[in-house]
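> This is the structure I want to talk about, given as structure tokens.
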Amino acid sequence: RDEVVRGRDVVISTHTHDDLGMATANALAGVENGAGQIECTINGIGERAGNCALEEVVMALYVRRDWYKAYTRINTREIYRVSRLVERYTGMPVPPNKAIVGDNAFAHESGIHQDGVIKHRATYEIMDAELIGRRPAVLVLGKHSGRAAFKKALEDLGYKDLSEEEVKKLFARFKEIAEKKGPLSAEELQALVESEREPTSHFFQLEHVQFFSGSGLLPTATVKVKTPDGERLATHTGDGPVDAVYKAIQEAIGLRPELELYRVEAITGSTEALGQVTVRLRLGELQAVGVGVSPDIIEASALAFLDAAGKLASGRATRHPPSIEEVHRGV
């Protein structure tokens, strides 16, 4: 700052990349040396190895505020929820060991660590998980839970702006899933809400999906999809159940986008966990990410495909940057 002409009248900003894993450290060094602004991104996403992660630098400044004497206006209790939203909409998963927002950030497996945390959490936790909005669910929500308890759980997760109609639809979907798999965890409930609140998630509606597959059998799928032009029924074979379902869906909706990404993950660790499928579809210059949530992976796969296809069909897709090969061809 001392080297900049009229340095006291300008805001110095840091813009760091994580090529050597030093993006957050370099940004904090900038603050120590007079920077008043940090350019950062949620989950550290960005070019090459990424940029400085907002959640890391914000919590570092908060936890070590006595040292940095710097403050932000970030509502830290929304960090975890926003991180998961970015993960969902970009299709870029948060690594389990990611600082602040990773699944393991507040997990303790070592016996001596567990003992220490039980006696005094600050022994191994530099911050309270609730500071970033990670709070354990107080209520156990299952098939016998009422609407009032369901709505209270949503409010505890930060969903306080839902309309009565939205709560009604979410509750109906929750009861449907709870009947199949049992109680839902806070993480599963959040995934359910986000998948159902998507504006294009109902552009194409999955009415029915069934498939036949097994050793020596040709994988075959039948789907019924509700489109803006009415219901469509289609049957197709494929290399596996998911491939057969996707080919049947393409025939039903009249779109044949290219599948660029397909990822399956369990929202929690048990065999009864909700499955979350993320897909990225490309249609010409357009691309869209879709997410499906269900205790049935095949159904979740179908929901994810229809979610992304709905964005492509409804004009809510993003423009896909050309590949190196396309640039060379002059596309």
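Our numbering is plain: 1 for the first residue shown, then up by one each step along the chain.
For all residues, glycine too, the Cβ spot is worked out from N, Cα and C.
What Swiss-Prot records for 1-80 is domain 'Pyruvate carboxyltransferase'. Annotated Mn(2+) binding site per Swiss-Prot: His15, His17, Asn51, in sequence order, evidence recorded as similarity to another entry. Here Swiss-Prot flags 205-331 as region 'Regulatory domain', drawing on similarity to another entry.
Distances, neighbours, how buried they are, the whole picture for these features please.
Across the domain 'Pyruvate carboxyltransferase' (1-80), DSSP helix (H, G, I), strand (E, B) and coil residues number 35 helix, 10 strand, 35 coil.
Taking the Cβ of Asn51 (Mn(2+) binding site) as reference, residues of its chain lying under 8 Å away and at least six apart in sequence are, in sequence order, His15, Thr16, His17, Asp18, Ala23, Glu39, Cys40, Thr41, Gly44, Ile45.
Note on the region 'Regulatory domain' (205-331): DSSP counts are 37 helix, 53 strand, 37 coil.
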> For the domain 'Pyruvate carboxyltransferase' (1-80), report the average pLDDT of the model, please.
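Result for the domain 'Pyruvate carboxyltransferase' (1-80): average pLDDT 89.
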